[in-house]
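Working notes, beginning with the structure itself.
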Amino acid sequence: MATIGALLLRFFFIAVLMSSQKSWAIKEEHTIIQAEFYLLPDKRGEYMFDFDGDEIFHVDIEKSETIWRLEEFAKFASFEAQGALANIAVDKANLDVMKKRSNNTPDANVAPEVTVLSRSPVNLGEPNILVCFIDKFSPPVVNVTWLRNGQPVTEGVSETVFLPRDDHLFRKFHYLTFLPSTDDFYDCEVDHWGLEEPLRKHWEFEEKTLLPETKENVVCALGLFVGLVGIVVGIILIMKGIKKRNVVERRQGAL
C-alpha cells in the first residue's frame with residue numbers, strides 16, 4: 001500500500017536523574033518524552049507524553065480532551081488540552097512550509113513488525129485478551145482489523161495511541177477480549193504504507209501436550225536406574241583405589 005504522505009514529527013526528551021541522598025551517586029535514569037506529529041494526507045495529529053516507554057497521557061484532538069492512560073494519574077497532575085491543540089496548529093503550519101522547501105518529498109516508509117500473543121496464559125473457557133503488537137514502523141499510520149474465523153470483529157477491541165521509540169520509529173498495541181475455544185481462531189490484519197499488501201498474523205489455541213503416564217513411569221525408572229548404576233560404579237572405583245593404595249604401601253614397607 002504505497003501512499004505518498006508527509007509528516008512533521010517533534011520529540012522532546014527530558015532526562016530525570018535520580019540520585020541517592022547518602023552517596024549522591026546516580027542510581028537510575030528516567031526519560032520523559034513529549035511526542036507530537038501532524039500527518040498528511042490524513043490531516044490528523046497526535047500529542048502525548050511518555051515515561052520510560054509507557055504512555056502517561058495523550059490529547060484527543062477531535063474532542064479537545066486530555067486522556068490519561070490510567071485514571072489515577074489525573075489525581076496527581078493536570079494538563080490543558082488547548083496547549084496541545086496550539087502545538088498541533090504550529091506543526092501543521094510548519095509542515096506546509098517544509099513541503100514547499102523540500103519539493104514535496106514524502107517521508108520514507110518503514111514497514112512494521114507484527115506479533116500476536118495472549119496477555120496471560122490461556123485456559124479454555126476463561127476470558128482473556130489477545131494483544132497485537134505493531135512495532136518499528138513509520139510513518140505513524142496503520143489500519144488494524146481483528147478477525148475471528150476469518151470474519152471481522154468490532155466488539156471488545158481497543159488500542160493505544162502511537163508510541164514513540166528511541167530510533168524515531170513507532171509502536172502500537174491493539175487488544176481483543178475473547179473467550180478461548182478450540183473452535184475459534186484469530187488473526188490480526190495490519191495495513192501500512194510500507195507494505196505491498198496487508199500483513200496478517202495468526203493465533204489459535206494449542207493444547208499442551210502432556211507426557212503419558214506410562215512414559216513418565218519409564219522415564220522415572222530409567223533415571224533411577226542410571227542413578228543407581230552411577231552410585232555402584234563409583235563405589236567400585238573407590239574400593240579399587242583403596243586396595244591399590246594398600247598394595248603400594250605394603251610393597252614400600254617391605255622395601
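Just so it is clear, glycine is given a Cβ too, placed from its N, Cα and C backbone atoms.
Listed in Swiss-Prot for this protein:
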DISULFID  Cys132-Cys188  disulfide bond
DOMAIN    112-204  domain 'Ig-like C1-type'
CARBOHYD  Asn143  N-linked glycosylation site
REGION    26-109  region 'Alpha-1'
REGION    204-216  region 'Connecting peptide'
SIGNAL    1-25  signal peptide
TOPO_DOM  26-217  topological domain 'Extracellular'
TOPO_DOM  239-255  topological domain 'Cytoplasmic'
TRANSMEM  218-238  transmembrane segment
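With a cut-off of 8 Å between CB atoms and residues at least 6 apart in sequence, the same chain places Val114, Thr115, Val116, Val144, Trp146, Phe173, His174, Tyr175, Leu176, Cys188, Val190, Lys201 near Cys132 (disulfide bond), listed in sequence order. Mapped onto DSSP helix, strand and coil, the domain 'Ig-like C1-type' (112-204) counts 0 helix, 55 strand, 38 coil. Taking the Cβ of the residue listed as 'N-linked glycosylation site' as reference, residues of its chain lying under 8 Å away and at least six apart in sequence are, in sequence order, Val190, Asp191, His192, Pro198.
Using DSSP to sort the residues of the region 'Alpha-1' (26-109) gives these counts of helix, strand and coil: 26 helix, 34 strand, 24 coil. Neighbour count (other Cβ atoms within 10 Å of the Cβ, all protein chains): 23 for Cys188 (disulfide bond).
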